[in-house]
Amino acid sequence: MTIRAVVRGVGHYLPDRIVPNSELEALVETTDEWIRTRSGIERRHFAAEGQTTSDLAARAARAALADAGLQPDDIDTLIVATSTADLTFPSAATMVQAALGMSRGFAFDVQAVCAGFVYALANADALIRSGQANRVLVIGAETFSRLMDWSDRATCVLFGDGAGALVLEGAEGAGTSADRGILATDLHSDGRFKDLLYVDGGASTGSTGHLRMQGREVFRHAVEKLAETAHTALDKAGLTSADVDWIVPHQANLRIISATAQRMQVPMDRVILTVQDHGNTSAASIPLALSVGKARGQIKEGDLLVTEAIGGGLAWGSVVLRW
């Protein structure tokens with residue numbers, strides 16, 4: 001008998017405020033054409049004043065619980081992947097736990113920037129496989145709009161706010177690649193590249209800081225490492241790119257997404273795309289794309305999915321799962 005972490009429900013939340021590229025033209029020296037050409041982004045959502053990452057996460061969590069037909073106290077573990085927690089501590093996860101009215105279980109944050117949701121899924125899978133939890137609510141939530149340097153026109157136009165969530169539940173499988181649930185994970189990091197993508201603030205500086213990125217270098221590493229980790233995870237599952245129904249990538253940049261799909265020899269009509277509507281929502285981007293992909297009728301039960309992401313650290317990884 002093999003225990004698999006199977007998707008029971010999915011949901012997402014986007015703040016009400018939609019910021020089209022045309023609005024950013026008034027803030028920085030840029031154009032709609034420039035942004036679209038370099039990133040594929042047309043619009044993004046920004047959180048309202050006073051609206052926090054944990055607020056977004058709780059809304060997405062409720063949507064995922066409703067989709068699963070579960071109540072908060074049916075959950076054993078709650079994991080939030082975020083780099084923009086409300087406070088230095090306590091964790092965003094415990095704040096969401098309180099907001100949902102959960103009176104049992106345990107909650108914690110995972111911080112791997114844009115790769116955070118992949119890391120969180122791997123943690124949830126390990127908890128379920130080891131028997132430490134049966135139902136895990138995994139959330140990716142970010143308010144990156146608050147980290148932007150609005151004088152850095154190459155970076156500030158790329159990011160948005162949002163949250164997505166999955167409910168994973170342990171279920172018996174046959175131990176084959178035909179099982180539903182998470183089939184394989186692959187995680188990596190290399191701190192030698194920390195200066196390529198980081199925020200120049202934190203407890204040691206006494207300020208929140210702003211996001212700093214060497215875009216060309218990040219692009220180069222992303223295209224190379226994302227295809228590699230996806231192939232590794234597929235190999236662990238005994239599968240190949242030809243078996244993939246959908247790539248659900250981190251929605252950072254359309255050029256990165258396209259180049260990675262090309263390296264994997266997967267056509268773009270088998271890639272879930274939301275970057276045009278959400279921008280880069282960091283750890284929220286993959287669960288947002290999963291939720292939107294299901295709502296569109298693209299992702300169906302039994303489909304084989306590969307999710308992959310890379311973020312500051314550098315940290316990167318992938319998950320192969322059957323929906």
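Including glycine, each Cβ sits where the backbone N, Cα and C put it.
Less than 8 angstroms from the CB of Cys114 (active site) sit His250, Ala252, Asn280, Ser282, Ala283, Ser285, Ala309, Ile310, Gly311, Gly312, each of them six or more residues away in the same chain. The active site annotation in Swiss-Prot covers Cys114 (among others) and is backed by sequence analysis.
Among the features that Swiss-Prot reports, active site is placed at His250 (among others).
If you look at the region 'ACP-binding' (251-255), the same-chain residues 6 or more away from its ends with a CB under 8 A from one of its CBs are 38-41, 114, 158, 219, 222, 273-276, 278-281, 285-286, 288-289, 310. Here Swiss-Prot flags 251-255 as region 'ACP-binding', drawing on sequence analysis.
Annotation source Swiss-Prot lists active site at Asn280 (among others). If you draw a 10 Å sphere around the CB of Asn280 (active site), it holds 24 other CB atoms from the protein chains shown. For the recorded site, Asn280 (active site), the DSSP three-state label reads strand.
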In three-state terms from DSSP, label His250 (active site) for me. coil
For His250 (active site), list the number of other Cβ atoms lying within 10 Å of its Cβ atom. 32
